[in-house]
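Annotated features, as they stand in Swiss-Prot:
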BINDING   Thr32, Gly33, Ser34, Thr35, Asp85, Gly86, Ala87, Asp88, Lys98, Gly99, Gly100, Gly101, Lys125  substrate binding site
ACT_SITE  Glu107  active site, proton acceptor
Amino acid sequence: MTQDELKRLVGQAAADYVIQNVPEGAVIGVGTGSTANCFIDALAAVKSRYRGAVSSSVATTERLKSHGIKVFDLNEIESLQVYVDGADEIDASGAMIKGGGGALTREKIVASVADTFVCIADGSKRVPVLGAFPLPIEVVPMARTAIGRRVTALGGVPVLRVTQDGAPYITDNGNEIIDVKGLQIVDPRGFEAQINAWPGVVTVGLFAERGANLCLLGTPNGVETIVYPG
């Protein structure tokens, strides 16, 4: 199977999971990125079962609306049973690196209020140690250089994310992103807490304190379901 085929496979598997485990009339939390898009496309077939969705980005909102799925502001929702999103990397504990699509802050906010985080990914995203994929940090623009120095002191290589024309990439929240290369993150929870404590950091793309509860992993042999303790 190609990577795109695996993404569609797990997108459908996530829709099936929602149908089986989330009651009709609920609101679904939806992530951002190419794999999350496959879930949205599969969810569209059963959209009449659910009130709608909470979106983690402008791009996801547009895709949901294009399928006729109602989008709620998180402030309108009292509870969220499930959040479905992809990952750039996921380890054996369910900790993830996320934010390759630039939506890490809103993804983390929506994930934090969901009862269950379902990660959907192809098998290449499963790693023994996080860090081969550059770690995104969303930063207030004026703190960019100071945070870069802190990252360098920890052994990382900070790279400002830019657009095709070389301008800084701007998030939906009006901030910038530093992508940190060269890390081996052996203590994801501790590293997440450390970076989040730096002034000027909006959030880091480590999802360890609130990791995945379940991963639907696309493999050449089908979908592997991994349940994480705790």
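Glycine too: its Cβ is placed from the backbone N, Cα and C atoms.
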Substrate site shell beyond Thr32, Gly33, Ser34, Thr35, Asp85, Gly86, Ala87, Asp88, Lys98, Gly99, Gly100, Gly101, Lys125, criterion: Cβ within 8 Å of Cβ centroid: Gly31, Ala36, Ala121
Which residues, sitting 6 or more apart from Thr32 (substrate binding site) on the same chain, put a CB under 8 Å from its CB? Ser56, Ser57, Ala59, Thr60, Asp85, Gly101, Gly102, Ala103, Arg106, Glu107
Helix, strand or coil by DSSP: which one applies to Asp85 (substrate binding site)? strand
Quick one: largest C-alpha distance among Thr32, Gly33, Ser34, Thr35, Asp85, Gly86, Ala87, Asp88, Lys98, Gly99, Gly100, Gly101, Lys125, binding substrate per the record, in angstrom? 16
What is the total of other Cβ atoms whose distance to the Cβ of Glu107 (active site, proton acceptor) is within 10 Å? 30
Judged by other C-beta atoms within 10 Å of its C-beta, the most isolated of the binding-site residues Lys98, Lys125 is Lys125
